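Copied over from Swiss-Prot:
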{"type": "BINDING", "residues": "29-36, 56-60, 75-78, 142-145, 174-176", "note": "GTP binding site"}
{"type": "BINDING", "residues": "Ser36, Thr58", "note": "Mg(2+) binding site"}
{"type": "DOMAIN", "residues": "21-195", "note": "domain 'EngB-type G'"}
Amino acid sequence: MIKQASFITSAANKSNWINDDVSEICLIGRSNVGKSSFINSLTNNNKLAKISNTPGKTRLLNFFEINKGEYRLVDAPGYGYAKVDDSIKIQFAKMMEEYFINRKNLKGVFLLLDLRHKPSNDDIMMYQFLKHYNIPVVIIGTKLDKLKKNEYIKNEKMIKEAINFYQEDDFIKISNLNKTNIIKCYELINKLLGSK
C-alpha cells in the first residue's frame, strides 16, 4: 500500500537525478494514456501528478517519494505526440535510454498501454527495448472502464500479439476511474522491488 506520497523534483537531464540508493519504479507510456491519473490512483491523491491538457508538453522525469523514502515512482514524459519537434523527440529518446540502461536505482518499469487501441510503433519499440536490456516490465492496460468485457478480452489478445508479449511478464488491466486492479498494482510494485 501507498500511505504517503510527495513530489520531490523534476529532472531534465542526468545531472539533476537524485543521487542515492533508493529503489525506483518508472512509469512510461504514450501521451494521454492515463499515466498521471494512474499515479494519482496509486497514491490516492488526485492532485499529486498534474493531468496535462497539452499532451507531449512535459519533457522531464518527475520523481515522487513513496512512504517516506521506501521507494520512488518516476514519471517519464509521454511519447508519440505528433506536434513535438524532432529535436525534442531525440532529446527525450537519449534521456530515457540513459535512464533505463544506466540508472542503478531502477528496479522495473510499468509500461502503460491504452486497452482501446492497437499499440503504436513507439509502444512496440519501448517494450522490445526494455526486453532487450533485461529490464523487468509490467504492462498496465488502461481505460478498462471504456470497454465491454468481450472487447477487452479481444483487445488484450491483440495487444499481446502486437508487442510480441513475453509470458513471464505481468499484464494487468486497470481503470483509474473506478480503481479496478489498483490494489493488484501494489503487489506488482512489491514484486519489482524484490519484496515478498
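Cβ from N, Cα, C; glycine included.
Everything Swiss-Prot records as a feature, shown here on the structure.
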{"residue": "Gly29", "record": "GTP binding site", "Cβ within 10 Å": "25"}
{"residue": "Asn32", "record": "GTP binding site", "Cβ within 10 Å": "17"}
{"residue": "Lys35", "record": "GTP binding site", "Cβ within 10 Å": "26"}
{"residue": "Ser36", "record": "Mg(2+) binding site", "Cβ within 10 Å": "21"}
{"residue": "Leu60", "record": "GTP binding site", "Cβ within 10 Å": "17"}
{"residue": "Pro77", "record": "GTP binding site", "Cβ within 10 Å": "21"}
{"residue": "Lys143", "record": "GTP binding site", "Cβ within 10 Å": "21"}
{"residue": "Ile174", "record": "GTP binding site", "Cβ within 10 Å": "25"}
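Spacing of Lys143 (GTP binding site) relative to Ser36 (Mg(2+) binding site) is 13 Å (Cα to Cα, whole number). Following the DSSP three-state reduction, the secondary structure of Lys35 (GTP binding site) is helix. Pro77 (GTP binding site) and Ser36 (Mg(2+) binding site) have their C-alpha atoms 10 Å apart, to the nearest angstrom.
Across the structure, Ile174 (GTP binding site) and Ser36 (Mg(2+) binding site) place their CA atoms 14 angstrom apart.
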